[in-house]
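Take a look at the structure below.
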Amino acid sequence: MSNHDQLHRYLFANHAVRGELVSVNETYQQVLANHDYPPAVQKLLGEMLVATSLLTATLKFDGDITVQLQGGDSPLTLAVINGNNRQEMRGVARVKGEISDDSTLQEMVGNGYLVITITPAQGERYQGVVALEGETIAACLENYFMQSEQLPTRLFIRTGHVADKAAAGGMLLQVLPAQERNEDEFDHLAQLTATIKAEELFTLPANEVLYRLYHQEEVTLYEPQNVSFRCTCSRQRCADALVTLADDDVTEMLEQDGNIDMHCEYCGNHYLFDAVDIATLKNGNSASSEQIH
């Protein structure tokens, strides 16, 4: 793949099947930065990041998708990746117990569930809840597509390392809607795609990956879309949250530490507000610009 994270869409000339191919190495590394997640959680976040990028590429409108694992009575209470149609991603996990390096999805989230939230820039928000019936995120999302869209869909997700740095990538195959389906053809293409090696996905150009997989097929590869990490936090958003709190609560926080430190779990930024800042906010003025990285 490219030196930068990119998503490629492709189409088979002789089959009613479309595909996507994505590499998110740099974005994955930024999701993990400033966090000390157990290896199994790192791997899970990588899988969710790839899946969210592939799902977001299916949007036909401006908006975003959130893929959220909600843990039950389990050591992993939450894992969430958010992405939009511009392929801007962010994610975070919350761990409250011991997680071994080889923990399975079920062991990490217990009787939890997967929530897919689609939020158009204009229009109604849609939310689907998916039971964790598969052993992997990919299998759970394949079930989601069959339940919600009745479209046969396969996801192929790989995580690992390149030059000792976290790497992740994946592919999606999906039958085109309103097309006559040939299950044997789709299964054949899925079998070919399943042979993709992690190293190939992490390091090779998209056209070479597709040639290795489908050299007997006629495939159209479209212009790529860049994928990046982007957090939506800001000092102004923090200020907007502070002004909704009761005055007594804000005063108590200031008396405890001398200032209020608001920390973004996604990117690690800190936003400090002192008594002068709070007074300014209460008077209806904008937040000043102090930010700590």
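Placed from the backbone N, Cα and C atoms, the Cβ positions cover glycine too.
Bear in mind that the values here come from a model prediction, so they are computed numbers and not experimental data.
Here the Cβ of Cys233 (disulfide bond) has 18 other Cβ atoms within 10 Å, regardless of which shown protein chain they belong to. Here Swiss-Prot flags Cys231-Cys233 (among others) as disulfide bond, drawing on sequence analysis.
Here Swiss-Prot flags Cys264-Cys267 (among others) as disulfide bond. A simple way to gauge crowding: the CB of Cys267 (disulfide bond) has 18 other CB atoms within 10 angstroms, across all the protein chains here.
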Handout entry: Chain-internal residues near Cys264 (disulfide bond), provided their CB is under 8 angstroms and they sit 6+ positions away
Key = Cys231, Cys233, His270, Tyr271
Handout entry: Neighbour tally for Cys231 (disulfide bond), based on other Cβ positions within 10 Å of its Cβ
Key = 18
